[in-house]
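A.B. asks: Have a look at the structure that comes next, please.
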């Protein structure tokens, strides 16, 4: 057999192998122990079934169970076992789709009677039985006609619809596990036994076919799977902790906000919640001023002609809230929409008046109230809403200023996250997608600048930031940075973005006058730090489990009395606290002190000052911190000084110490 392909390995070595060698044969040629551990291989970055032949030269890696990439294979294969288990137990059920998602997988089923939570235990037991059979995953390529006939004969009409949607030039792959089979792109682990037992079915939910409310309602079963029992246990423990921190529950207990049916995805902010929101806005306003941004405000409602120019009307219209004057109809040219994004408005502000290169960079920021029509099933407290405020900014600069502006934005983003206690940051650079605007030369230039910025950030971060490059994941209008932070229980939240835009300046014919007195198109940078202010507040509530830092807390201090004899003294203390700039209220109710302390603790008030007859006579207070059983007796002036210092926001503290 001739040696016709050359393979490069992670250790830098390179060897020739016979064409059509399988991944398993390749692993066996390296070592028997590796072959036993192997579950798939990667060729030039594409993960493939272990028994697939290698038809071309390139970079190759054998993937074992411990490889992070193995998790997707395990979960994908587990979804297939779930579908087989359901059809063994409930033969009348049609299977539809079963993708891998973040932290697990799901499968959608069509049946007259939806599954119940009680059914999950039965299904999970059957799954373990199927895994124990250790049947091989076997791939076949079928013709379109054969696939449609077989699935039609089985009554799997959703599969027939999926087959019709697959492009003619793509193979139809069918994966068998024993006698059961499914339409699937793959890849999978070699056999059901290699899924292991570290999996669990989590919940049942309803889902419309293809996410369209006009289609039939299906029953979705969610599950998760890991490479080992310890990882599964850690994940389930994290979920248990996350439930305790759920911002929706804490929002009720702390009396921050609520939702109701008349305004789905729209937040009703209560006084305490709105105070916390405004504290966040005030913090960011100071940071914007520090970094030389100009705050602006653009209209909420704009004519569709503007959205047509920006491109939103063509590709985002279904997510926009539209309106017309009472005298008009939908066919009239004067159709309006609530803005889903701030950028077109900021472009109009930049265009108003002639700009010179001497004026650049111009940094326009807005706490813009946006409206986006999200599907009702996707709404989730503050994390996914239909009306939200974005801490949006757009920087208009010259090409020469791009790198420096990206670095300045990075400094602002990282220092902001640090102020809220987020020290573990993941930064991803997303490069050109297949469908994009702009020439290759333009993309080459922008990506080279962003790559240079990334290297500078890595050097200055000194290990604080993990970085990666996502090939082909950029926006159609330019490359972008995405900032992801880790919270107190290890969850990742994508928040900040820095995006270069070639599209809008060209669409709106934006220009400035350069040194040669010629019109020149500026570089436009989209930038957000919190992203959605509401979502970031939800993240903070969960990260701190409601124990907000004193400077951010909506109600910082409660002064409560033991007896009515101390009422006048308590009100005097409250007035002094307010005069010092602190948020304080008096609780003079004739309730037992332990009852009042418990109530305020449930509402997550950071500091409770207890006053009785002795405190009023000694001009002191008993200070109790949230989460602590200890009380400290302090003179009132000392307590106020201590709390006033503690309540200084981190950005102001930096300024005072500089």
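Each residue, glycine too, has its Cβ placed from N, Cα and C.
Feature annotation from Swiss-Prot assigns domain 'TGS' to 1-64; the stated evidence is sequence analysis. Here Swiss-Prot flags 246-549 as region 'Catalytic'. According to Swiss-Prot, the Zn(2+) binding site annotation covers 343, 394, 526.
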A.B. asks: Let me know the model's mean pLDDT on the domain 'TGS' (1-64).
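C.D. replies: Computed over the domain 'TGS' (1-64), the mean pLDDT is 91 on the 0 to 100 scale.
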A.B. asks: Return one of helix, strand or coil for residue 343 (Zn(2+) binding site), based on DSSP.
C.D. replies: helix
A.B. asks: In the domain 'TGS' (1-64), how many residues does DSSP assign to helix, to strand and to coil?
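C.D. replies: The breakdown for the domain 'TGS' (1-64) reads 14 helix, 30 strand, 20 coil.
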A.B. asks: Taking the centroid of the Cβ atoms of 343, 394, 526 as the Zn(2+) site, which other residues of that chain lie with their Cβ within 8 Å of it, listed in sequence order?
C.D. replies: 341, 342, 346, 347, 392, 393, 499, 501, 504, 524, 525, 527
A.B. asks: Quick one, of the binding-site residues 394, 526, which Cβ has the fewest other Cβ within 10 Å?
C.D. replies: 526
A.B. asks: Give me the long-range Cβ neighbours of residue 343 (Zn(2+) binding site): same chain, 6+ apart, Cβ under 8 Å, in sequence order.
C.D. replies: 310, 392, 394, 501, 504, 524, 526
